[in-house]
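> Pulled the feature table from TrEMBL, pasting it below:
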DOMAIN    310-449  domain 'PROP1-like PPR'
REPEAT    263-297  repeat 'PPR'
REPEAT    298-332  repeat 'PPR'
REPEAT    370-404  repeat 'PPR'
REPEAT    405-439  repeat 'PPR'
REPEAT    440-474  repeat 'PPR'
REPEAT    511-545  repeat 'PPR'
Amino acid sequence: MNPAKRILSSLRLANSLHCTRLSRDHSLYSQVTQFSHLSTSLYKQPHTPTFLNTQQKLFFSSKPNSALELVLASDWSKKLERELSNTNQKLTHETVIYVLKKLDKNPEKASKFFNWVCDKNGFKPSSSIYSLMLRIYANKESMKLFWITITKMKEQGFYIDEETYRTMLGEFKISKMVSDATALTHFYNRMVQENAMDCVVKNVVQVVIGSDWGREVEKELGEMKISVSDNFVLRTLKELRGYPSKALKLFKWVSGHSSYEHNSVTYNGIVRVLGRDDSIVEFWSMVKEMKSVGHEMDLDTYIKVSRSFQKCKMLKDAVELYELMLDGPYKPSIQDCSVLLRTISRSGNPDLDLVFRVVKKYEAAGNSLSKAVYDGIHRSLTSVGRFDEAENIIEAMRNAGYEPDNITYSQVVYGLCKAKRLEEACKMLEVMEANGCVPDLKTWTILIQGHCSADEVDKALFCFANMMEKNADADADLLDVLINGFLSQKRIVGAYKLLVELVDKARLVPWQATYKNLIQKLLGERKLEEALNLLHLMKKQNYPPFPEPFVQYISKFGTVEDAGDFLKALSMKDYPSVSAYLHVFESFFEEGRHSEAKDLLYKCPHHIRKHKAIYGLFGSGKSSSATAA
C-alpha cells in the first residue's frame with residue numbers, strides 16, 4: 001500500500017473520501033484550459049497600460065554621461081575618474097546616495113567611488129551616507145573597510161545611530177561573525193558615552209517631548225544655545241521619530257531661530273520621520289517643499305519610506321511615492337515595480353487602479369515588462385476574480401516570450417479557491433501537467449489551503465493524498481495547513497491522528513507552533529494521553545519542552561499519576577529539572593490541591609524531595625513527615 005492510501009486508511013477516511021473524487025466535466029475543463037481566446041474586456045479598462053500591445057518593446061534609455069552609467073559600465077581606474085570629472089555633473093547628497101545604493105553589492109567599487117568623491121571633489125559626507133557605507137561594508141570580505149570607515153566617522157564627529165547599529169549587528173550574528181559583533185557593540189557603547197552631542201540631543205528631545213509646543217518650549221530651547229549642524233538635526237529627528245508633529249515643529253524652529261539653513265540631508269531626515277499614517281499630510285507637504293527649494297528625495301530615504309508605507313498598507317501613498325521617484329532623477333530599481341505589485345496583490349482586495357498606475361509609470365520610464373511584472377498584474381486580477389482579464393495577461397505574457405510557470409498557475413489556483421470555485425482549481429493542476437508544468441509543493445499547498453478555507457477539509461485531504469500519489473513530498477507548512485483545517489471543524493482527534501501518521505509514515509517534522517497549537521486543543525478536550533504523546537514527539541525532534549499548558553491542566557483536572565507521566569515525558573534525562581517539579585507543586589498549591597501535591601512528593605526521587613527549594617515549599621510542620629520520607 002502506498003503512503004497516501006495507508007495514511008487515509010489509518011484515518012478511516014478512504015471510503016468517505018472516495019465518493020468525493022471529482023468527475024471530469026468537459027465543458028468546465030474547456031473553460032479552465034481556454035487561454036487562446038482573448039476577450040476585449042481588459043482593453044476597455046480606462047486604466048489599462050500599453051503592455052498588451054506586445055508588438056511594442058520599450059527599453060531603458062541610456063544616459064552615457066551620467067555618473068551612474070559610467071561607474072556601472074567600467075572597472076575603476078584613473079581613466080574612469082577623468083571621465084567622471086569631465087561630466088561636470090554636480091555630485092549632490094542625493095546623487096552620491098543614488099550611486100552608492102546601486103553599488104551596494106560591490107563594496108570594493110563603492111569604496112573607490114566614495115573615496116574619489118570625498119578626496120578628489122571635496123564632497124562632505126553626512127552621517128546618513130556614512131551609515132550607508134557601513135551597511136555596504138558589513139560582510140566578511142569588507143571588514144577592513146568597515147573598521148576604517150567607523151574610525152573616520154568618529155574622527156569627523158559623526159556617530160552610529162541605533163538603527164544602523166542594530167542592522168549591522170544582526171548581519172554579523174547571521175554570518176556568525178561573533179568577534180566583530182562583540183567589537184561593534186563595545187565601539188557603539190563607547191561612542192555613545194564619549195559623544196558630548198548625545199547629551200545635548202537628549203536634553204533637546206526631553207524639552208520637546210515634555211510639553212506641548214509653544215513659546216515656553218521655544219524659549220527653553222533658545223536658552224540652551226544649541227550649536228546646530230546637519231548631524232545634530234539628524235540625530236534629534238531620529239530621537240523624535242515617534243513624535244512626528246513635534247519633530248516637524250523642531251525642524252521649522254531650527255531654521256527660523258538661527259542662521260542654519262536646511263539642506264538635502266536634513267530634508268530627507270524629516271520626510272523619513274513624517275512618512276507614517278498620522279502625519280501623511282505633513283509628509284506630502286514637506287516633499288513638495290523640499291522640491292520647491294531644489295532638493296530631491298534620495299534613494300535610501302525612498303526605500304525606507306516605501307517599505308514603511310507597504311508594511312502599513314498605505315498602498316495609495318506607496319504608489320504615489322513610486323510615481324514621484326520615477327518622474328525624478330533618482331529612479332528606483334526595476335525590481336521595485338514587481339515588489340510593489342506583489343504588495344498590492346496581497347492586500348486582500350487589490351485595487352486594480354493602483355496596479356495599472358504602477359505599470360503605466362514603469363512603462364513610461366522606458367522599461368519593458370518582465371515576467372515578474374506580468375505575474376504581479378496577473379496576481380491581482382486572479383485575486384479579485386477577474387479571470388477573463390487574467391487570461392489576457394497570460395496571452396500577452398506568452399507573446400512577450402514568457403511561458404506560464406508554477407507561479408502563474410498557482411495564482412490562478414489561489415484566485416479560483418478564493419472565489420470558491422474549487423473544482424476548477426483542481427482542474428487547473430491537470431491543465432498544468434498537460435502543458436508540461438509539474439505542480440510544485442507551493443501549488444499543492446495553495447490548493448489544499450483553499451479547500452480548508454472553504455470548510456472542505458475532507459476534499460483537502462483527498463487532494464493531499466493525490467499529491468502524495470504523485471510522489472510530491474509534503475513539508476511542515478502543508479501539514480500546518482491541514483491541521484488548522486481539522487481544528488477549524490473541531491476535529492481535534494482527527495488532527496492528532498493525521499499528525500502522528502505523517503510523522504511516523506512520511507517522516508515529517510511539524511513546526512513547533514503546530515505541536516503547541518494541537519497540544520492546547522487536545523488538553524481543552526481532556527485528551528491528556530494524546531497531548532503527552534505529542535510532547536514525546538517534540539522531544540524526539542529536539543524541540544524545547546512545552547510545560548505550561550500541561551501544568552495548568554494537571555493542577556486543575558489531573559491526578560498524581562498524570563503529573564508523574566508528564567514529568568517523565570518532559571525530559572530526555574532520567575528526571576526533569578528541580579524547577580519543573582517546583583512548577584507542578586506550586587500549581588497544585590494554587591489550586592488548593594495540597595493532598596495531591598504531597599502524594600506526588602512521596603513518589604519523587606530522593607534528590608528532589610531533599611532539595612532546598614522543594615523542602616522550603618513543604619517546610620511546614622504538617623509537611624515534615626512527607627519531606628522526611
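Cβ atoms here come from the backbone N, Cα and C positions, even for glycine.
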> Quick one: average pLDDT across the repeat 'PPR' (440-474), no decimals.
94
> Quickly jot the same-chain residues contacting the repeat 'PPR' (511-545) by Cβ under 8 Å, restricted to those at least six beyond its ends, or write none.
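Sequence-remote neighbours of the repeat 'PPR' (511-545) are 476-477, 479-480, 483-484, 487, 492-493, 495-496, 499-500, 503, 553-554, 557-558, 562, 565-566, 569-572, 580.
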> Under DSSP, the repeat 'PPR' (405-439) has how many residues in helix, strand and coil?
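Helix, strand, coil within the repeat 'PPR' (405-439): 26 helix, 0 strand, 9 coil.
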